[in-house]
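Here's what Swiss-Prot has on this protein:
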- 11, 12, 13, 14, 15, 16, 17, 18: GTP binding site (BINDING)
């Protein structure tokens with residue numbers, strides 16, 4: 001049975017978690033075997049979105065209904081997600097990479113290191129310029145940080161330069177990037193990081 005790399009995708013509701021997974025999987029699935037687990041509180045809406053997108057066969061996507069606080073299912077009691085991983089591997093024992101999308105949560109949400117090997121935390125510009133300055137644990141501790149929806153900056157009065165400076169203060173040298181996932185702007189940086197830092201591709 002495979003021992004896949006597991007990458008957690010966290011962030012507030014509407015930041016672009018599902019869209020990020022859809023875009024990344026569309027690219028990487030040409031090169032490797034991938035599975036996805038989505039977490040929603042009372043529905044399997046994100047699972048349906050990914051299935052309808054056609055980026056993966058339905059059998060490679062599992063939706064988990066967490067109930068209650070979404071961060072509990074990715075940190076304190078991740079048993080439902082562990083079970084979903086086992087089910088994915090029973091269906092497809094060649095899976096090399098699994099994305100685990102958390103339910104929409106606050107800036108403090110982090111993944112259990114027993115559940116994932118790496119994590120990406122995504123916010124969007126529309127939430128306000130001050131978000132990186134708040135220094136939530138999701139942003140600080142994630143292995144890669146994404147600030148999405150850069151196209152909205154002029155409409156909400158957000159300075160991308162200030163957001164970058166604030167991010168550097170809290171993340172030090174940990175990588176981050178800006179994206180506009182509607183146009184794929186910044187997507188290459190995310191994929192390059194995944195290949196280089198999690199899959200160790202291109203290293204010699």
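Including glycine, each Cβ sits where the backbone N, Cα and C put it.
Just so it is clear, the model here is predicted, and its values are computed rather than measured.
Sequence features, as recorded in Swiss-Prot, placed on the structure.
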| residue | record | contacts (Cβ under 8 Å, 6+ apart) |
| --- | --- | --- |
| 11 | GTP binding site | 17, 102, 104, 105, 121, 122, 123, 138, 146 |
| 12 | GTP binding site | 104, 105, 106, 107, 123, 124, 127 |
| 13 | GTP binding site | 104, 105 |
| 14 | GTP binding site | 104, 124 |
| 15 | GTP binding site | 104, 122, 123, 124, 127, 148 |
| 16 | GTP binding site | 122, 124, 146, 148, 149, 179, 181 |
| 18 | GTP binding site | 38, 46, 49, 50, 101 |
Quick one: give me the count of other CB atoms within 10 A of the CB of residue 17 (GTP binding site).
27
With a radius of 8 angstroms around the mean position of the C-beta atoms of 11, 12, 13, 14, 15, 16, 17, 18, what other residues of the same chain does the GTP site pick up?
104, 122, 123, 124, 148
